[in-house]
Amino acid sequence: MPEFTFRSAQQFSATTMDHRKMKRLSMDMDGIRIDSVHSSEASDTTSDHDNDNDNDNDSLSTSNLFELRLTSTKGFGLVATKDIPRGTCVTSELPLFALPPTVSHNGPERALAILRALQRLTASQLDAYTALHYNARSVNSPMREAIRTHLLSKQYTESTLETAVKDNIIKVAIFNTNCVSMGENSSLGSGIFLNFSRANHSCTPNVENCFNTVTGCETLYAIREIEENAEITVSYIDQLYLPIEERQHALRRWEFKCDCAACEGPEAEESAHRRRKIEGLTEVFARLEKKPRPASSSPLRVRMPKSVSEKSEFAEDLVTLLKEEGLVGMPLAYALRWASKYGLEAGKCLAALEFARQAVEVEQTCAGNVMKLPDSAEAWLNKLESMAASDDKRFKAERERARKEQEKERIKNEKEEAKREKDEAKLLEKEAWQKKKAEEVSQMALWVAEAARLKREREISESEAKVDAKKKKEAAKTALKKARRVVRTGAEKTEIADLDIERLLAALGAEETVALAEKLSELQGESEVWKILHEEMEKKRY
């Protein structure tokens, strides 16, 4: 099987360095930014004996930023033990062991080289190595035959030979499945990195890996904020823009089934559509930059830009799409470089300078700033800043355009401000008038309410007076009836004629009748009653 090669690793050219310096530089780097490591010159005093002890620990060390946990669907994986800020070096580790670049990728000698390297590992290192996942199909027939031939020279019985062959095939398969290219085009060989080998794949990874040729370490940098207990994921493949089925097919070499949000999430269809656009734009710039691209089973028919301004627009569209899709690692750095390059050609010098600065920030987020590469985003930025400082005619013209645009924008803003102030004054005047009218209406409403209240009180008072008058009238009528009964009863006792009594009652008023009844009620003898009645009749003279 071909080596496990990552796109970011291809950006860094090989640098010859003594292995002891690489080892010393890599110590104590887990969980810190790579630009804070010690200088390599300080490591030359390290003894060979110390280096041997270091070799036992460096590759097996675990960062305090993550730990190995069993995931629900992907076996073991790296999980953050705390919040990890963007740009943090999550891990930086030396290879457990490595094969030189002279060893063939698929030849039988590769298997023997791997087995010889394994013999130099300690027991604990070998245990960590054999615990890694493997794909047995990564060991081809020539390798298997070489392993068998090698073991035939050993003292194995017929019953133990097959077991030994199987065990050694697994050991070779572990390397073929997990090895990482070191340097551009494997110029420094390929190696096994224990921490990195435990990272699972995601089509939207949250870390970027690269081989640092200065320190000799494989590094993982957080390209976005990683929350505590979130899985740390890398990309196994370059073809992240291909359709889901093709990405899953490419992952079969690791026997990996991806279930990330871009593959099985609720927005997977939208993501696939966006990635198809990204693939098309990436193909456009691969052709413009004359760089090869992986073949797709469903190749896109892309429209090439017809002008420099279209190239700039295409690059800016690619930057936007990558950010929307969450692919904010090295692909974004490349897109920003293209946006800067073609923006400069289109005369958008200041925008090109800003894109270049963003490209440097993204590139250093992905790989740190220890390596100084001749074709890095920083070198391009330095070139643009030098052009800007030297009054390059393109920058000068762009600044003049920008000055005119700023002046135009200033005049426009002043007019808008004047109009806004005028509108505000009118609005305040209108609000004052409305407030005055509202107060008048409110006062009128109070007056109307007060008049209505007084009217209701008057009506209630009149109604109560009528009720009282009616009650008094009824009471007087009742009292008159009672008084007449008393007078008639008294007359009956005195044998005064009924006609005379009725005449008397008709002549008496209501009050006189009541008063007469009260007098009669107080009398006991019939003579007294007769006397009072006759006196009243005399008064009325009938």
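Cβ atoms are placed via backbone N, Cα and C, with glycine included.
Here TrEMBL flags 459-468 as compositional bias 'Basic and acidic residues'. The list of residues near the compositional bias 'Basic and acidic residues' (459-468) in space but at least 6 beyond its ends in sequence, with Cβ under 8 angstroms from a Cβ of it, is empty.
Long-range contacts of the compositional bias 'Basic residues' (469-481) within the same chain, counting only residues at least 6 positions beyond its ends with a Cβ under 8 Å from a Cβ of the stretch, are 510, 513-514. Annotation comment: TrEMBL describes 469-481 as compositional bias 'Basic residues'.
Across the domain 'SET' (64-237), mean pLDDT in this model comes to 94. Residues or ranges marked as domain 'SET' by TrEMBL: 64-237.
Positions annotated as region 'Disordered' by TrEMBL: 38-60 (among others).
What TrEMBL records for 403-423 (among others) is region 'Disordered'. For the region 'Disordered' (403-423), DSSP puts the residue distribution at 21 helix, 0 strand, 0 coil.
TrEMBL lists 459-481 (among others) with the feature region 'Disordered'.
DSSP places the residues of the compositional bias 'Basic and acidic residues' (459-468) in helix, strand and coil in these numbers: 10 helix, 0 strand, 0 coil. DSSP places the residues of the compositional bias 'Basic residues' (469-481) in helix, strand and coil in these numbers: 13 helix, 0 strand, 0 coil.
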